[in-house]
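Here is the structure we will look at, set down as structure tokens.
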Ligand SMILES: NC(=O)c1ccc[n+]([C@@H]2O[C@H](COP(=O)([O-])OP(=O)(O)OC[C@H]3O[C@@H](n4cnc5c(N)ncnc54)[C@H](O)[C@@H]3O)[C@@H](O)[C@H]2O)c1
Ligand SMILES: O=P(O)(O)OC[C@H](O)CO
């Protein structure tokens with residue numbers, strides 16, 4: 001557990017980061033765009049559009065959301081969203097604010113924005129970032145709501161760093177115990193946001209207090225953090241652990257088994273973050289919504305849990321289950337498990353992360369679930 005000093009330090013950071021959002025602090029009203037319109041993409045677009053409508057002292061009213069165009073019952077999804085104010089494909093039965101405008105033109109959405117909220121399944125980030133090239137991002141900032149990592153031959157990279165290096169776009173992160181359907185239905189949730197000061201920051205430009213204004217809702221409480229690595233890695237790796245929780249649930253084991261998977265998962269999440277990201281602080285995992293709370297909610301009712309559970313019950317391939325169960329949505333733990341496994345294999349470190357390796361071996365290499373307890377015995 002985190003020490004009292006660590007918890008106090010976190011509270012102090014929160015106070016520092018949230019003390020000064022006032023209208024006079026900023027040089028203009030900022031225009032918000034959302035890149036992505038899946039399950040979470042649309043839920044976040046809804047809440048930032050609510051804030052844009054209510055907080056006219058900070059934000060322009062209209063929020064543009066990039067929608068990868070597709071046809072739903074013979075109609076364009078953008079046309080449906082803009083006329084019926086509902087994303088019938090990825091977030092059905094939730095009414096969206098009328099100031100949220102769906103736009104199929106990615107460049108158009110990004111070019112006209114000051115603050116870009118990026119929210120797509122992480123396996124598509126590289127191709128979307130390539131399509132976003134050619135815009136001057138020097139006066140824009142971004143927040144990544146993706147949960148994943150980028151694995152390179154030199155080790156793992158945070159997705160916010162990938163965005164910065166690929167586009168020259170300063171990028172913070174948002175991650176937390178945030179099952180999209182609950183947030184979209186305005187059921188109380190918390191989240192964690194890290195938005196470090198941009199290297200070329202000038203007075204009056206978007207800062208951490210403004211980011212809190214952007215996301216904070218009465219039903220969605222924002223904790224600020226200065227630990228970008230911890231916030232990002234918690235969200236990425238819990239997806240793998242939630243698959244494991246699903247496996248033991250599907251195998252008919254009890255809550256004790258699931259708790260054992262979560263306990264071991266917390267250790268491996270912290271170990272991975274500490275080994276690869278020197279700025280990581282363990283209390284981000286043990287105290288914030290982006291850490292232990294996200295692990296708990298994901299292992300209780302997330303998509304990764306459901307996919308892992310069905311794998312254990314049905315014996316179908318994991319990809320088939322993802323397609324059958326999620327209807328075009330993504331279980332990010334499948335990609336992350338593979339990325340982590342490849343990295344650990346290359347670096348000859350498989351034995352140091354037995355839970356994540358075992359989950360990968362069960363879903364991809366035919367390892368029986370009954371082997372899991374032996375593999376993680378300490
Ligand atoms: N859904 C949740 O409850 C939730 C909550 C918190 C965080 N997240 C994270 O948010 C991120 C986005 O997840 P989501 O739930 O919005 O997405 P999703 O799983 O609903 O995926 C569907 C989206 O992917 C898009 N897509 C499909 N193929 C694509 C391609 N080739 N290129 C670009 N986009 C493509 C679709 O157009 C659609 O917008 C993920 O990293 C996820 O882990 C999700
Ligand atoms: O449904 P999952 O497994 O993608 O998890 C959703 C969120 O990340 C929970 O915070």
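Quick reminder: no glycine exception, Cβ is built from N, Cα and C everywhere.
Sequence annotations record features per position, and here TrEMBL assigns domain 'Glycerol-3-phosphate dehydrogenase NAD-dependent N-terminal' to 32-195. The NAD(+) binding site annotation in TrEMBL covers 36, 37, 38, 39, 40, 41, 124, 180, 303, 332. The substrate binding site annotation in TrEMBL covers 147, 303, 304. Per TrEMBL, the feature domain 'Glycerol-3-phosphate dehydrogenase NAD-dependent C-terminal' maps to 227-372. Per TrEMBL, active site, proton acceptor is recorded for 238.
Where TrEMBL records a feature, it is marked here on the structure.
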| residue | record | DSSP class |
| --- | --- | --- |
| 36 | NAD(+) binding site | coil |
| 124 | NAD(+) binding site | helix |
| 147 | substrate binding site | coil |
| 238 | active site, proton acceptor | helix |
| 303 | NAD(+) binding site | helix |
Under a threshold of 6 Å between Cβ and any atom of ligand 1, which of the recorded positions 40, 124, 147, 238 are retained? 40, 124, 147
What is the interatomic distance between the Cα atoms of residue 147 (substrate binding site) and residue 124 (NAD(+) binding site), given in whole Å? 12
Those binding-site residues in 36, 40, 303, 304 whose CB falls under 6 A of ligand 2, listed in sequence order: 303, 304
One should report the C-alpha separation between residue 124 (NAD(+) binding site) and residue 238 (active site, proton acceptor), rounded to whole angstrom, as 19
If you tally other C-beta atoms within 10 angstroms for each of the recorded positions 147, 238, the top scorer is 238
From recorded positions 36, 38, 40, 238, the one whose Cα lies nearest residue 304 (substrate binding site): 238
For residue 238 (active site, proton acceptor), identify the closest of the binding-site residues 36, 38, 40, 303, judging by Cα separation. 303
On the 0 to 100 scale, where does the mean pLDDT of the domain 'Glycerol-3-phosphate dehydrogenase NAD-dependent C-terminal' (227-372) fall? 98
Centre the Cβ atoms of 147, 303, 304, go out 8 Å, and tell me which other residues of that chain have a Cβ in range of the substrate site. 239, 242, 298, 302, 330, 331, 332, 333
Restricting to the chain of residue 38 (NAD(+) binding site) and a gap of 6 or more, list residues whose Cβ falls under 8 Å of its Cβ, or answer none. 90, 119, 120, 121, 329, 330
Under 8 Å Cβ to Cβ from residue 36 (NAD(+) binding site), same chain, six or more residues apart: give me those in sequence order, or none if nothing qualifies. 65, 66, 117, 118, 119, 120, 145
Proximal but sequence-remote residues of the same chain as residue 303 (NAD(+) binding site) (Cβ under 8 Å, at least 6 apart): 325, 326, 329, 330, 331
